[in-house]
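Visitor: Starting off with a structure, shown below.
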Amino acid sequence: MAAIVALLLCSLILIFSIGSSMVHALTSNYYDQTCPQAESTITNVVKKAIIEDKRVPAALLRMHFHDCFIRGCDASVLLDSVGQNSAEKDGPPNVSLHAFYVIDNAKEAVEAICPGVVSCADILAMSARDVVALSGGPSWEVPKGRKDGRISNANESLQLPGPTFNFSQLLQSFSHRGLSGADLVALSGGHTLGFSHCSSFQNRIHNFDATHDVDPSLNPTFAASLRSVCPANNKAKNAGSNLDSTSTAFDNTYYKLLIQGKSLFSSDQALMSTSKTKELVSKFAASEQAFRVAFVKSMIKMSSLTGGQEVRLDCRKVR
Ligand code: HEM
Ligand SMILES: *[C@@H]1O[C@H](CO)[C@@H](O)[C@H](O)[C@H]1NC(C)=O
Ligand SMILES: *[C@@H]1O[C@H](CO)[C@@H](O)[C@H](O)[C@H]1NC(C)=O
Ligand SMILES: *[C@@H]1O[C@H](CO)[C@@H](O)[C@H](O)[C@H]1NC(C)=O
């Protein structure tokens, strides 16, 4: 009898340990014993970087999204190209990736207090939370314990949803990663921060379709101003527009403008194309608080897509 109980217990323990090694459940207190100062150390580095450059919040939020959508949040976006292998950050839609140095600085500061403990994927996730909070948005506990991946391929950056995607393409991209239409609406609110190059919305302001030069869902005055910044044969590599009129404040202006036909991307406008998502857009435009609550919930969901195996020592290189 005792032997059977012991056997049962052993197999239960075995099942549990196999389970946890596969699932890697993330926890908010993951570094409480091993690196209690990780969180505040990272926040301090991020704060300093924002004082030097107001574009840092948008860059890090976008970087985290990009990371999570390719191979899970495993810091694959941070790896540099090596030899013949061209990394994600050198893939086609990389024009908007910048400020990698901030993550390098945060990693260096954390390595100085607890070497080899805190993953780059966690540092990026915490930084994304910090930039939102430091831009006037909500703050939240970031579940931690992500591991860093060993693979980064330029061709995989094409797995990101594109700005010309319609609603069904967007939903497919999100549901492929376990994210819903509601997550899509809330996370698109990340476009309350930052800047876009002309190339990302060129499709809406020139040669839109067989009958319209300009996307008819765009507000005409807004479209005209975009066309003056981004002419048909745009030669200015750095030309573009802020994503919303308050591009350094994390607020619900993005949704208010979207309702007025003043969003930049077809993928933003696509949120207005189904009744369910349109209702959410109206809700978030009317209530900043509703947006904040939904954004936090969806960010935690997106940033819990894990995929790595190790803790890197240098965020640009596999161990
Ligand atoms: C729904 C699918 C999405 C599409 C199609 C999309 C597309 C884009 C594009 C095309 C740009 C501009 C790139 C450029 O021309 O420089 C951009 C910028 C940005 N995106 Fe998204 N995005 C999506 C979702 C998200 C999500 C989920 C977040 C974060 C929660 C996010 C945050 C940002 C930020 C902050 C920027 C500005 C980056 C900067 O100024 O450095 N995006 N996005
Ligand atoms: C984007 O990719 C090009 C080459 O494909 C590379 O030269 C450039 O440095 C990359 N940009 C960033 C920000 O990594
Ligand atoms: C992407 O690039 C990697 C490395 O060069 C290669 O092994 C893989 O087959 C490529 N995948 C696709 C879909 O082209
Ligand atoms: C969305 O785009 C895809 C790919 O271009 C196309 O096959 C599909 O018909 C489009 N869906 C809608 C509803 O327009």
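Every residue gets a Cβ built from N, Cα and C, even glycine.
Heads up, here are the entries from TrEMBL:
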type: SIGNAL; residues: 1-25; note: signal peptide
type: DISULFID; residues: Cys35-Cys114; note: disulfide bond
type: SITE; residues: Arg62; note: site 'Transition state stabilizer'
type: ACT_SITE; residues: His66; note: active site, proton acceptor
type: BINDING; residues: Asp67, Gly72, Asp74, Ser76, Glu88; note: Ca(2+) 1 binding site
type: DISULFID; residues: Cys68-Cys73; note: disulfide bond
type: DISULFID; residues: Cys120-Cys315; note: disulfide bond
type: BINDING; residues: Pro161; note: substrate binding site
type: BINDING; residues: His191; note: heme b binding site
type: BINDING; residues: Thr192, Asp244, Asp251; note: Ca(2+) 2 binding site
type: DISULFID; residues: Cys198-Cys230; note: disulfide bond
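Surface or core, plus neighbours and distances: that's what I need for these features.
Guide: Taking all protein chains in view, 15 other C-beta atoms sit within 10 angstroms of the C-beta of Cys114 (disulfide bond). In the three-state DSSP reading, Cys114 (disulfide bond) counts as coil.
In the three-state DSSP classification, Arg62 (site 'Transition state stabilizer') falls within a helix.
Within 10 Å of the Cβ of His66 (active site, proton acceptor) there are 22 other Cβ atoms, across all protein chains.
Using a 10 Å Cβ-Cβ cutoff, Asp67 (Ca(2+) 1 binding site) registers 29 neighbours.
Its own atom aside, the Cβ of Cys68 (disulfide bond) has 29 Cβ atoms within 10 angstroms in the protein chains shown.
The C-beta environment of Cys315 (disulfide bond), restricted to residues of the same chain at least 6 apart in sequence and closer than 8 Å, consists of Ala75, Leu78, Leu79, Phe100, Ile103, Asp104, Lys107, Cys120, Ile123, Asp148. Cys315 (disulfide bond) falls within neither a helix nor a strand when secondary structure is assigned with DSSP, and so counts as coil.
In the three-state DSSP classification, Pro161 (substrate binding site) falls within coil.
Using a 10 Å radius centred on the Cβ of His191 (heme b binding site) and all shown protein chains, the other Cβ atoms total 25. Look at His191 (heme b binding site): DSSP puts it in a helix.
Taking Cβ-Cβ distances under 8 Å and a sequence gap of 6 or more within the same chain, the neighbours of Thr192 (Ca(2+) 2 binding site) are Gly137, Leu243, Asp244, Thr246, Ser247, Ala249, Phe250, Asp251, Asn252, Thr253, Tyr254.
Neighbour count (other Cβ atoms within 10 Å of the Cβ, all protein chains): 21 for Cys198 (disulfide bond).
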Visitor: Please report the Cα separation of Pro161 (substrate binding site) and Cys114 (disulfide bond) in Å, rounded to an integer.
Guide: 36
Visitor: Looking at the recorded positions Cys68, Gly72, Cys73, Asp74, Glu88, whose Cα is closest in space to that of His191 (heme b binding site)?
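Guide: For His191 (heme b binding site), the closest Cα among Cys68, Gly72, Cys73, Asp74, Glu88 is found at Cys68.
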Visitor: Under 6 Å from ligand 3 by C-beta, which of these recorded positions make it: Cys73, Glu88, His191, Cys198, Cys230, Asp244? Sequence order, please.
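Guide: The qualifying recorded positions: none of them.
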Visitor: Using the recorded Ca(2+) 2 site (Thr192, Asp244, Asp251) as reference, state which further residues of the same chain have their Cβ within 8 Å of the centre of those residues' Cβ atoms, listed in sequence order.
Guide: Gly189, His191, Leu193, Leu243, Ser245, Thr246, Ser247, Ala249, Phe250, Asn252, Thr253, Tyr254
Visitor: Mind running the recorded positions Arg62, Pro161, Asp244, Asp251, Cys315 against ligand 1 and keeping the ones whose CB falls under 6 Å of it?
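Guide: The qualifying recorded positions are Arg62, Pro161.
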Visitor: Relative to the mean position of the Cβ atoms of Asp67, Gly72, Asp74, Ser76, Glu88, the recorded Ca(2+) 1 site, which additional same-chain residues have Cβ within 8 Å?
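Guide: Going along the sequence, the neighbours come out as Cys68, Ile70, Arg71, Cys73, Ala75, Val77, Ala121, Gly149, Ser152, Gly307, Gly308.
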